[in-house]
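**Q** Before anything else, here's the structure in question.
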Amino acid sequence: MRTKLAAGNWKMNGLKAALSELGEMAAAASGPAEVLICPPVTLVAAAADAAEGLAIGGQDCHAKASGAHTGDVSAAMLADAGAEYVILGHSERRTDHDEHDEDVRAKCEAAWDAGLKVVLCVGESLEEREASNTLDIIGGQLAKSIPDGATGHNLVVAYEPIWAIGTGKVPTTDQIGEVHDFMRARLEKRFGEGVGRSVRLLYGGSVKPSNAGEIFAVSNVDGALVGGASLKAADFVPIIEALNASAG
Ligand code: PEP
C-alpha cells in the first residue's frame, strides 16, 4: 500500500508570519495521508522546528554538494535545516532557470546522496498536449530525469501539466488517469514491478478543495502537489481531508 501524500509548494511566497498556517495543517496531518510543506528556503528550518507531524521540503537544490555557487543551496544544507524532501524539475525551474532533464537528474542524485526524498515533476505544455505528444513528453522526462536507483522511499513523481499550473484549468479525470497509468507502467518496466508499484504518483495543477475528491478517486493518483491552495490552512486542510477520505 502506498501512503497518500498531500504536498504543498509555497513557491516564492511566505514570510515568517506564514508559519502560523502550519498548526492547523499539522493537526490535519494526523490521518492516514502524509502531509508535506515546501516553503521558501528561508523558512525551511523554522518550519521544520514549528511543525511537528508535517514533513518539510525544499523547492530546489544544487547538483553539487558544496562550492562556489553564489545564491544556491545544496541538498545537504536542506537536510541540515530539517528538510526531508526536495521538489526537483518543477516547470517553473525548467522555464525560469533553463533546467533540462539532465540537470534534474544530477540534482536528484545529489538529493539522494544527502538522504533527501525527491518529488520529481514532469508535465507537458499546452502545445504538446494539443499535438497529441503528451505521453511521449512524459515518457522522455521520466527516462531522462530519474537516475538509476529509484525506490518507493526516495522518489515521488508529480504529473503537472504546465497549462494547468496556476491557471484554474484542470485536465479531465480521464486525462489524468491516462498519464498516471502510463507513468506507473513506465516505472514498473524500468525499475521492476515491486519498485514501480511503490513509487507514489501525485497530480498537480490547480488542485482546490472543490476538485480534490474527484482527482483523488482516479487510478494511480496517490495524492497531490498543490501550489496556490497550499498557502492557507483554510484551503489546504480540506484537500488533506479529501485525501484522507480517499485512503479509506
Ligand atoms: C505547482 O506549482 O506545483 C502547482 C500545482 O500550482 P497550482 O496548484 O497553484 O496550480
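Heads up, the Cβ atoms here are built off N, Cα and C, so glycines get one too.
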**Q** Among G53, G58, G166, indicate the single residue that TrEMBL lists for the substrate site containing N9, W10, K11, S206, G227, G228.
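**A** TrEMBL lists N9, W10, K11, S206, G227, G228 binding substrate, and from G53, G58, G166 it also lists G166.
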**Q** Roughly how many Å lie between the Cα atoms of G227 (substrate binding site) and E160 (active site, proton acceptor), rounded to a whole value?
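**A** Computed Cα spacing between G227 (substrate binding site) and E160 (active site, proton acceptor) is 11 Å.
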**Q** So of K11, H90, which of the recorded positions has the fewest other Cβ atoms within 10 Å around its own Cβ?
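**A** Candidates: the recorded positions K11, H90. Fewest Cβ atoms within 10 Å: K11.
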**Q** Counting other Cβ atoms within 10 Å of each Cβ, which of the binding-site residues N9, S206 scores lowest?
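**A** Candidates: the binding-site residues N9, S206. Fewest Cβ atoms within 10 Å: S206.
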**Q** Return only the integer: C-alpha distance in Å from N9 (substrate binding site) to E160 (active site, proton acceptor).
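**A** That comes out at 12 Å between the alpha carbons.
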**Q** If I restrict to non-local contacts, at least six residues apart, and a C-beta distance under 8 angstroms, what lies near W10 (substrate binding site) in its own chain?
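**A** W10 (substrate binding site) has long-range Cβ partners A18, I37, C38, P39, P40, L43, Q59, S230, L231.
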